[in-house]
Amino acid sequence: MKIASVIVDVPTKQTDRPFDYLVPDEWDEVIQPGMRVIVPFGPRKIQGFVTEIKTESEVKQLREMIEPMDLEPVLNKELLHLGEWLTETTLCFKIFAYQAMLPAALKAKYEKKVKLAPGMKEECLPEAIQSFFINNNSLDWDKALKNGLVSILQREAAKGFLEVVYVVKERVKKKQMKVVSPLMSTADLKIEMERLPSNAEKQKQVLHFFLDHPNPIELRQLLAEANASTATVKALVEKKLLSEEEMEVYRDPFEHRIFEHSTPLPLTSAQADVIEPILASIESEKHEVFLLYGVTGSGKTEIYLQSIQKVIEKGEEAIVLVPEISLTPQMVNRFKGRFGDLVAVLHSGLSAGEKYDEWRKIQRKEVKVVVGARSAIFAPFENIGIIIIDEEHETSYKQEDMPRYHARDVAIERAKTYHCPVVLGSATPSLESFARAQKKVYQLLTLSSRMNERPLPSVEIVDMREELRAGNRSMFSRKLFEMLKDRIEKKQQSVLFLNKRGHSSFVMCRDCGYVVNCPNCEISLTYHRAGSRMKCHYCGYEDHIPKACPECSSEYIRYFGSGTQKVEEELGKILPEARVIRMDVDTTGRKGSHERLLKDFQDGKADILLGTQMIAKGLDFPNITLVGVLSADTMLHLPDFRSSEKTFQLLTQVSGRAGRHQLPGEVVIQTYTPEHYSIELAGTQNYAFFYHREMMMRKLHHYPPFYYLVLITLTHENLMSVVSETEKIVNFVRSQVSNQAVILGPAASPIPRINNRYRYQCLIKYKREPHLTRILKKILDQYQTETKNGLQVSIDINPFILM
Ligand SMILES: Nc1ncnc2c1ncn2[C@@H]1O[C@H](COP(=O)(O)OP(=O)(O)OP(=O)(O)O)[C@@H](O)[C@H]1O
Ligand SMILES: [Zn+2]
Ligand SMILES: [Zn+2]
């Protein structure tokens, strides 16, 4: 008998290893590594991944697995291996690593049900519960709980009348359609048609249809076109003239869209220079990492497209990652327009079913290119020829829950396996990547000017303190107001950007400054217009907005809303003639609305596009000649050592939306801290200066890329325990690492309490600590097995959020 090693879906320290199971004879031919199976585990039936098939096991008494969940492996050999690497490098449970690689639809859910035991009849049961089991029906556990039936069911189960079963339920079914096809040649079909009795008018009509259209056709369509009924088709199927089959159809999220076909553009000489080494790497199958540093509008996307072209010609596959927020229809169009049906798209706007379908196309090798957000890095290709990460500086490439991986690291790991290049593209590379390029770990490729030498937009920085002194209390500086007016007169378009990150919408008393906080978490409640309520984004706590201030009883309670609404109102007052499209979470919540709003703007249905982060990237509209940033500094003051870098990147990206085509562009940045270097340098769009300046700061304060970071966070309901345990960990780490490492803590996390759990942290900064992984594992071993006392420990290697 074969034996399968299985990683079971029980995420704990003790179960984070393969368990061996016998493969029953009936599944002997079927079970392969990379398949999901159902196995018995203690009294339960659970899901697991087969990682290996073998013939011997050290364990004597093995249990049999129950059944496979897949007909073919969902993880190939390389991905199984990658899962081990993920586990090692991010210190996550193996089961999380494998689950992260699959679309959500494959993360099965279990349902507990109560059924009649075999051979039992409902009459044996007490009358109160009989009705639930008529016709061998089963009763959902949840329903039993709700109806207070558990104890009565338990009694019957003890007598052996009832049993509990676990049903694994896939959330998404493959979408099926019925397809009808002729079972013989046209000539034979014609003979058969003439043999039909003369009163079989309808049947003849259907066969006649197939004489003209001999290809398989969807049943629905056949019924419409041949004006037939299902009964008629059924009769022909019974006569074995036609066949009717269920076929898998893909839900195509872009079904009703026509992609304008594009052909490769002749490259400029600057583009030709940067693509050459990439093509050479593809050609020679030599793994290399390129950092494509190209200013906004320099034609990076065309480099991606033509590199992919080469990969496809070689019969290989390409993965393109873009940040979720810039996975706009415009971006997708550029890939679909060039490679048509060879492109699969994966992003969070798709339903679980649609994502699953896109994933299936990749798994079946029906597409050659996948364009997607972070998790698309796990696309189940087996012949990868290039991996491209656009806007590589984006922090959304780092996943914040287990497995806490960075897509860039995964990309490089996979590319090593496939001996292919990785291209990291950005107009504002992350400090880490640019430093690596300086050290020649990555190969730097530079596009230093815009297409056809079009100038970068000119940027003006406006000091809002001056405005206030001059008596202007509005959120628009005089300069920005004049320019907006000017563009409306010239019939050109403007983009107004409001940085939302940093100040969310909170509720404050105007008299005493009291801000309403969550009672469970040390964080302000967020204002929600719907129902006039306040919500906590961490624990879900909800409440009505108070009529009077709980602190001073004043009635002047004010909502500091998302801001965009307020800007829109104010625009209406000062520029009533302006047509405004507002894009924020409120206006883009419905499916397709994002796309529609952009389309309207593109079609010139508005003068001003007003929005948050979601309009900062990827837009390439010819008529935009003005970009206004309403408040540049909201992000500068976050407790995050990357806040200057993020501010610089964001301002540069938004500015890049202006003047990309014939018309020259202008940018106005409003700020209260014009002297801050990241704002000043964003004004001159000088990445090189910014890089040097910021590197000095990082060196001074021992931050990346000079040092690596590890963040250990402990949480507990009791403040004293969390402090003392963090202290222990700090001491332990200190005793184990070299004196080059800097250990900070114990310190309260920037958000010191979430959901009534206190949070303390220890931050390790280090350059070279060969034993650090072992040390961290030891900490996890100790705390993840000792969960009894309620203490939780999480470790984030190379953290991006220090909260
Ligand atoms: N070789 C070329 N010949 C003519 N036009 C080109 C060429 N390459 C790119 N373009 C055009 O130049 C414009 C800017 O290019 P693209 O959007 O690719 O720049 P980008 O560097 O990706 O910009 P961003 O980082 O700001 O998104 C696009 O409209 C694109 O179609
Ligand atoms: Zn008050
Ligand atoms: Zn809360």
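Glycine residues also receive a Cβ, built from the backbone N, Cα and C atoms like all the rest.
Annotation source TrEMBL lists Zn(2+) 1 binding site at C509, C512, C549, C552. Other Cβ atoms within 10 Å of the Cβ of C509 (Zn(2+) 1 binding site) number 21 in total over all chains.
Counting every protein chain shown, the number of other Cβ atoms lying within 10 Å of the Cβ of C518 (Zn(2+) 2 binding site) is 24. Summarising the annotation, TrEMBL assigns Zn(2+) 2 binding site to C518, C521, C536, C539.
Taken from TrEMBL, the feature domain 'Helicase ATP-binding' covers 281-447.
As annotated by TrEMBL, domain 'Helicase C-terminal' applies to 544-701. Taken as a whole, the domain 'Helicase C-terminal' (544-701) shows an average pLDDT of 84 in this prediction.
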I'd like the Cβ neighbour count for C512 (Zn(2+) 1 binding site), meaning other Cβ atoms within 10 Å of its Cβ, all protein chains included.
12
Could you check which of these binding-site residues, C518, C521, C536, C539, sit within 10 Å of C512 (Zn(2+) 1 binding site), going Cα to Cα?
none
State the count of C-beta atoms found within 10 angstroms of the C-beta of C521 (Zn(2+) 2 binding site), not counting that atom itself.
21
Measuring Cβ to any atom of ligand 3 with a strict under-6 Å cutoff, which of the binding-site residues C509, C512, C536 qualify?
C536
Please list, in sequence order, every residue of the chain apart from C509, C512, C549, C552 whose Cβ lies within 8 Å of the Cβ centroid of the Zn(2+) 1 site.
R510, D511, G513, Y514, P550, E551, S553, S554, Y556
Around the Zn(2+) 2 site (C518, C521, C536, C539), what further same-chain residues have their C-beta within 8 angstroms of the site's C-beta centre?
P519, N520, I523, L525, H537, Y538, G540, Y541, I754, N755
Checking proximity to ligand 2 here: which binding-site residues out of C518, C521, C536, C539 have their Cβ closer than 6 Å to it?
none
For C518 (Zn(2+) 2 binding site) and C549 (Zn(2+) 1 binding site), what Cα-Cα distance in Å is obtained after rounding to a whole number?
15
